[in-house]
Amino acid sequence: MDDGTVLSQDTVKAALLEGGETWRKTVAELASVPNALHNANFSELDLSDRDLSSLDLSHVDFFAGCLTSTNLKKSILHKAELANSKMQKAALYKADLSKAILHETDLTEADLSSTDCRGADFRGATLRGANLAGADLRGADFSQADLTGADLSLADITGAKFHFAQLAEANVTHLKYGNYRQMEGLYLGVRGVEQCYGSALFVRDAKDQDYIDTLFQSLNDKSPGFIKSLDLFLFRAWALIDHGRSLLKVSFYATIIAMLYGFIYLADMTFGWNVMDYSNSAQTWFTPFYYSVVTYTTLGYGDVTANSLMGEILVISEVIVGYFTLGLLLAILANTIARRS
């Protein structure tokens with residue numbers, strides 16, 4: 001607490017421990033002192049069943065304390081230290097827990113609905129049956145946390161980390177979790193996803209991301225050398241199309257490649273390089289792009305032909321690239337249309 005506050009930290013502690021009317025009077029006095037409880041040390045105190053609602057408890061140290069069934073509704077716990085605390089059935093409705101430390105905290109059946117938990121540290125925390133409905137969990141760390149039976153409906157977990165977290169029987173109805181790029185590297189070893197309910201899309205995407213994160217980890221664990229560098233390069237190239245999950249991106253890259261070849265053919269026809277023979281074609285400004293698309297899709301009508309070794313190499317390279325990207329397009333299209341889970 002600040003030196004200029006009327007109440008000493010020992011006085012506040014004593015009132016907290018006594019509870020009842022004494023604590024209510026202390027709260028009334030604290031209301032007239034802004035930031036009065038900032039950085040207070042309440043570690044290892046038994047504050048179960050106390051009313052700490054609507055208080056500014058920023059940076060307060062509750063380490064290893066007992067806050068079972070404590071009322072913390074609408075309180076500000078920004079950067080508060082709550083690690084190893086017992087907070088079973090604690091009421092935290094609309095509390096501000098942004099960047100709070102809840103490492104290995106027991107929050108079994110706690111009410112964290114509509115809380116602001118952006119950047120909070122829940123590593124190893126127990127949140128079995130906890131209510132996180134409508135909570136803002138962006139950027140939070142749930143690594144190795146137990147969220148069995150937790151209610152995550154309407155919550156926003158964009159950018160939250162779930163390494164080896166347990167999500168069995170969690171309610172993920174209308175869960176917001178961002179796009180594929182925002183999920184990268186956040187779902188390694190996540191467990192119980194197949195038992196979640198409320199959003200088949202989240203279940204599918206989380207399982208996919210777990211596989212992708214595990215694959216990247218296995219590649220990263222290889223011994224340094226050319227093979228590892230090549231594998232990581234190909235993995236990052238695969239990421240350009242969201243690891244085979246984006247039909248739009250593959251279509252975009254295919255169009256760009258076909259147009260690039262088209263511009264090469266256009267330059268050949270314009271400057272007379274004689275790489276290709278256009279004598280049997282319409283020879284309009286569109287002819288090079290028409291031929292590029294025909295070659296890219298391996299249709300090969302024959303009205304434009306290679307007129308040199310360089311032309312043959314150019315055509316063969318486009319055919320090979322076309323086979324690869326169109327095959328990829330068909331695979332993603334089939335997977336997108338037929339996939340259910």
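Using N, Cα and C of the backbone, Cβ positions are placed for all residues, glycine too.
Lifted from TrEMBL, the feature list:
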- 266-337: domain 'Potassium channel' (DOMAIN)
- 250-267: transmembrane segment (TRANSMEM)
- 313-338: transmembrane segment (TRANSMEM)
Practice task
Give me the mean pLDDT over the domain 'Potassium channel' (266-337), rounded to a whole number.
Solution key: 90
Handout entry: Residue counts (helix, strand, coil, in that order) that DSSP gives for the domain 'Potassium channel' (266-337)
Key = 45 helix, 4 strand, 23 coil
